[in-house]
Amino acid sequence: MGCIMSQEDEAAKRRSKKIDRLLKEDGENSMRTIKLLLLGAGESGKSTILKQMRIIHDVGYTTEERKVFRGVVYGNIILSLNAIIHAMEQLKISFTTLDHESDARKLLMFSTTGEEDELPEELVVLMKSVWSDSGIQKALERSREYQLNDSAGYYLSQLDRICAPNYIPTQDDILRTRIKTTGIVETQFVYKDRLFLVFDVGGQRSERKKWIHCFEDVTALIFCVALSEYDMVLVEDCQTNRMRESLKLFDSICNNKWFVETSIILFLNKKDLFEEKIVRSPLTHCFPEYTGANNYEEASAYIQQQFEDMNKRTTGEKNQEIYTQFTCATDTNNIRFVFDAVTDIIIRDNLRTCGLY
């Protein structure tokens with residue numbers, strides 16, 4: 001372990017020195033630094049993309065850092081199970097056995113959040129018992145009708161592995177953890193001989209007033225939209241359609257005076273969840289006027305057009321382009337491929353702004 005840790009530390013030191021060198025050089029050549037904002041409504045996948053940047057372009061997560069996420073994974077599972085249990089009454093779904101119903105009541109009263117380093121054995125037994133009930137799984141399938149983390153099904157289907165002694169979260173486990181972003185989270189990395197300063201800002205309504213402090217000298221912004229949330233409502237008010245809220249927010253961002261010269265990339269995220277959902281939940285939940293087929297190709301193209309139509313930016317007589325990518329933030333290979341293409345766009349637009357392209 002000592003050898004592994006020293007190699008990880010050495011890699012981190014080398015990257016840190018390279019970042020320090022580029023920061024020093026940046027005083028002479030500002031084009032070497034790319035300031036990138038991640039914007040979007042809450043739960044659109046911004047924080048997951050930021051984690052991917054660390055995995056792809058930095059040292060990733062050491063064994064010790066992965067252990068720290070154990071409590072977060074446990075907490076996410078317990079919150080998800082509690083949410084499903086509470087939703088069953090609202091959805092009029094019954095437990096299949098009285099024992100499972102009794103265990104569910106015990107689980108709700110258990111005095112832990114799960115954010116400890118180990119799960120009590122009694123809690124593990126209750127969680128597995130409750131998850132085995134077909135009523136719980138029916139309620140999970142109807143998660144659009146209440147508030148539930150996207151990761152719930154992923155974690156619950158792997159309870160045996162996650163609840164095993166000495167469990168250490170995998171990279172995929174970490175990518176799916178849900179921690180509400182408050183304030184501004186920054187990460188730095190070097191890619192294609194550029195220093196990237198990436199800022200993830202909270203997406204909930206209460207957090208958006210903090211965005212203004214990031215607007216100065218922005219090279220590019222990535223606006224994230226969760227495709228799969230077209231039939232869901234906001235956590236904040238339980239009435240407003242989430243995609244309608246994202247459209248309104250995107251309108252205010254892409255046509256903002258701060259971003260007239262800024263490269264804007266639209267990430268239509270959670271395409272995997274959208275592809276599963278669209279065949280059983282029509283797009284008319286969000287767009288009553290939609291007359292196309294409820295399949296991935298037509299429905300995703302329609303959503304893309306709705307967002308791109310919001311763009312009113314012009315420079316002189318020329319419309320400023322929006323660059324759209326369909327993404328799955330939990331798929332490292334997809335994000336690696338997409339970010340490579342996006343980086344070329346950002347560098348090209350930055351050179352053009354400086355009159356060098």
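Heads up, the Cβ atoms here are built off N, Cα and C, so glycines get one too.
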Range annotated as region 'G1 motif' - as stated in Swiss-Prot, picked from 35-48, 91-104, 287-300: 35-48
Region 'G2 motif' per Swiss-Prot - which of 2-10, 56-64, 173-181: 173-181
Matching range for Swiss-Prot feature annotation, region 'G4 motif', among 249-256, 257-264, 265-272: 265-272
For the region 'G2 motif' (173-181), sequence-distant contacts whose Cβ falls under 8 Å of one of its Cβ atoms, 6 or more beyond its ends: 42-43, 46-48, 51-52, 55, 61, 66, 69, 72-73, 76, 149-151, 154-155, 162, 200-204, 207, 329-330, 332
Non-local residues, at least 6 beyond the ends, that sit with Cβ under 8 Å of the region 'G1 motif' (35-48): 150, 175-176, 178-181, 185, 196-204, 207, 211, 214-215, 217-226, 229, 234-236, 242, 245-246, 249, 253, 267, 269-270, 327, 329-330, 346
Cα separation, T181 (Mg(2+) binding site) to L175 (GTP binding site) (Å, whole number): 14
Secondary structure of T181 (Mg(2+) binding site) (DSSP, helix/strand/coil): coil
Largest tally of Cβ atoms lying within 10 Å of a Cβ, found at which of the binding-site residues S47, T181, N269: N269
Local Cβ density at V201 (GTP binding site) - other Cβ atoms counted within 10 Å: 22
